[in-house]
Amino acid sequence: MWRLKIAEGDKNSPYIFTTNNFVGRQIWEFDPNYAASPEELAEVEEARQKFHKNRHKVKPASDLMWRLQFLREKNFKQTIPPVKVKDEEEITYETATKAVKRAASYFSAIQANDGHWPAENAGPMYFLPPFVFCLYITGHLDAVFTAEHKKEILRYLYNHQHEDGGWGIHIEGHSSMFGTVYGYITMRLLGLGPNDGENNACARARKWIRDNGGVTYIPSWGKNWLSILGLFEWAGTHPMPPEFWLLPSYFPLHPAQMWCYCRLVYMPLSYLYGKRFVGPITPLIQQLRNELHTQPYKEINWRKVRHLCAKPDLYYPHTVVQNILWDGMYLATEPLLTRWPLNKYLRQKALKETMKIIHYEDQSSRYITIGSVEKPLCMLACWVEDPDGVAFKKHLARVSDYFWLGEDGMKAQTFGSQTWDTALGLQALLACDLVDEIAPTLAKGHDYLKKAQVRDNPIGDYTSNFRHFSKGAWTFSDQDHGWQVSDCTAESLKCCLNFSMMSPEIVGEKIEPERLYDAVNFILSLQDKTTGGLAVWEKAGASLLLEWLNPVEFLEDLIVEHTYVECTASAIEAFVLFRKLYPHHRKKEIDNFIVKAVQYIEHEQTADGSWYGNWGICFLYGSCFALGGLAAAGKTYHNCEAIRRGVDFLLKAQSDDGGWGESYQSCPNKIYTPLDGKRSTVVHTALAVLGLIHAGQAERDATPIHRGVKFLINSHLENGDFPQQEIMGVFMRNCMLHYAEYRNIFPLWALAEYRRKVPLPN
């Protein structure tokens, strides 16, 4: 039976390392010796069948596999009876208290033993296939993926295959060439024949691909991986010369100017492109060439297919400037760099420099790398350099960190949202005012955050490797990952400050002030001096004109680092609380930070009064954070036009059932779009309720808040959980991400703040 293992790792292995005893690590293992009871097996099968039956209605899984395990291990039984509120009935303080206690008791029960909250953080259909591609090429597919792994990966593909045979870029999206080609190749590499698979999965996918022009219409990223696999020719891709790494770092086209994720994808790809690496052309690869292309492989004019992209995949078309640049490099620059003498000197020097940076990034992240797109590319680059090398073996030891199991099957995560979910969840629990009842939960969560803070900067001379400092920050996931994140740091800092005001006998010893100062230093470093907005990973400042060179047809704003409303708002809240407790530490800088950050948030407000959410869906998410930041800075409905307009947006967006609901289409279209039929979701409703409470709506007319909370209370499930509904996360405008814990965190937080701040009858 599958089991989720927490904070475990082989400490005797020479290939795996940890900075904090694996705190936050979460890996799935199949234990053939685990004696599952008939009841356990029945629960798991019921969850799988329920998802499969409703898979076209609710795309994100409820993430039940580990929840069933944890609740069973803790023998959790919900003892607080459910409450429902009738249409004309008032919500009393007693009713609100019961709802809060039910949600808090369930949420506490699903905390891991190291203090964090596990959860799925997946959704893109292109995360897992490159792991399969890489392991197939290197000959380690069967060693890493057991029969049980393959079974669950196929289950995931079957569950998320659309009725037309294709897969989207993400689980909610329409069928795309990118998702469908990746899904098809994955099924074939895992052992299915061309006409195998549940409900003719392979044949249906292949038909979709060929009906939409064949594999030559796959977007640029897909062309790269297919060239590596031997299903495409490098001559059919855009140039990615490694020589850019040899330029001065201040040069506008040096990768140092790129957003970190973009830079770390380009890094191994430029190495593989520079070597023109192609995996072994096996009989299966030769079969796939015939199956995926609509004309004989040897007759394809590769030069002409470089700019092709299937219409369903095209969100961000290439600019004329970009196409001229690609063509210039393809026709002039690359032929020079690949001929003597430059191929013997300059190209080899560039490849050596690129590999040096790959090793630096691998070592800095304990061979986890920054994310799931980068991981298989860096792992493959290490194998190409030395198939029996230590670096590749260290990569293999961290592959399992990326895989997640749900009732819909096995998928790959971004890496994990351990710290982010924990920081938000702890604030929701703190708002409950139930310290005596949930003290152990709070203490464990506090302990996790203290152990998860990044204590050092990246190894060695990090500035020459184009890295920002990380000491004092928190990551999105765990400490071993090492990549600093501004809003994760701000939300974790808020938690630690709140815990510092509580009894150490209850929540443990408070964090040392010097570590708080380190966190403050990091946040201050990422504010844009011109706009006042806060970046996420590294300083923003590279020319936005570089976005014209975005080669990824289905994503936007990924070439350079930007500033974001949500991150800025989180930092304001953290600094206001920090300033209260440490009024003399960097006072002038913090005061100036808050003033400029408020101006930035006000400037970013849209015409309808909302704020665009860059990391959550979408205008409801962004508005909740923006209103919270403005309110923390002392802005009110009476002295701030932005708050008045934000409230007006939320009130107009409320649905007839009292809740709120927003379509993921808001993100790519950049226009607020309600769900079909103006349906509501518990997460969007909670975000709107929190936003209205931040803005002081209860002081004017609490009716909209009461209606929203009534929707939340009546949506509560028997055991204290909330229903999984629409997907809630996003990145780069057009790719959705499933934050499975949001359905617990935000409704609990909204109920708790409602009980604390909205006057209710006894």
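Note that Cβ sites are derived from N, Cα and C of the backbone, with glycine treated the same way.
The repeat 'PFTB 1' annotation in Swiss-Prot covers 100-142. Proximity of distant same-chain residues to the repeat 'PFTB 1' (100-142), defined by a Cβ-Cβ separation under 8 Å and at least 6 residues beyond the stretch ends, is recorded for 4, 6-7, 23-24, 26, 60-61, 63, 66-67, 70-71, 74, 76, 78-80, 82-83, 153, 156, 160, 167-172, 178-179, 182-183, 185-186, 189-190, 221, 225, 228-229, 279-280, 372-373, 375-377, 379-380, 383, 387, 392, 396, 399, 402-404, 406, 410-419, 421-422, 425, 428-429, 432, 434, 437-438, 441, 444-449, 451-452, 478, 716, 719-722, 727, 729, 735-741, 744-745, 747-748, 751-752, 755.
Taken as a whole, the repeat 'PFTB 2' (150-191) shows an average pLDDT of 99 in this prediction. Under the heading repeat 'PFTB 2', Swiss-Prot lists 150-191, citing sequence analysis as support.
Sequence annotations record features per position, and here Swiss-Prot assigns repeat 'PFTB 3' to 442-486.
Look at Swiss-Prot and you will find Asp487 tagged as active site, proton donor, backed by similarity to another entry. In the structure as shown, the Cβ atom of Asp487 (active site, proton donor) sits within 10 Å of 25 other Cβ atoms. According to its DSSP assignment, Asp487 (active site, proton donor) is helical.
For 516-562, the entry in Swiss-Prot reads repeat 'PFTB 4', with the evidence type sequence analysis.
Annotation source Swiss-Prot lists repeat 'PFTB 5' at 594-634. With a cut-off of 8 Å between Cβ atoms, the residues of this chain six or more beyond the repeat 'PFTB 5' (594-634) that come close are 487, 527-528, 531-534, 562-566, 568-573, 575-577, 579, 640, 642-643, 645-650, 653, 660, 662-664, 666-667, 670, 672, 684, 687-688, 690-691, 694-696, 726-731, 736, 739, 742.
Long-range contacts of the repeat 'PFTB 6' (643-684) within the same chain: residues 172, 315, 605, 608-613, 617-621, 623, 626-627, 630-631, 635-637, 691-692, 695, 697, 704, 707-708, 710-712, 715, 722-723, 725-728, 730, 733-734, 736, 742-743, 746-747, each at least 6 residues beyond the stretch ends and with a Cβ under 8 Å from a Cβ of the stretch. Annotated repeat 'PFTB 6' per Swiss-Prot: 643-684, in sequence order.
Cβ atoms under 8 Å from those of the repeat 'PFTB 7' (705-746) belong to residues 58-63, 67, 71, 76, 78, 80, 82-85, 90-91, 95-96, 99, 102-103, 105-107, 110, 117, 119-124, 169-173, 315-316, 406, 414, 417, 421, 424-425, 428, 554-558, 613-618, 621, 654, 657-661, 663-664, 667-668, 670, 675, 680-690, 692-693, 697-698, 754, 758 of the same chain, restricted to positions at least 6 beyond its ends. The repeat 'PFTB 7' annotation in Swiss-Prot covers 705-746 and is backed by sequence analysis.
In the repeat 'PFTB 2' (150-191), the DSSP tally of helix, strand and coil residues is 24 helix, 3 strand, 15 coil. Note on the repeat 'PFTB 5' (594-634): DSSP counts are 24 helix, 1 strand, 16 coil.
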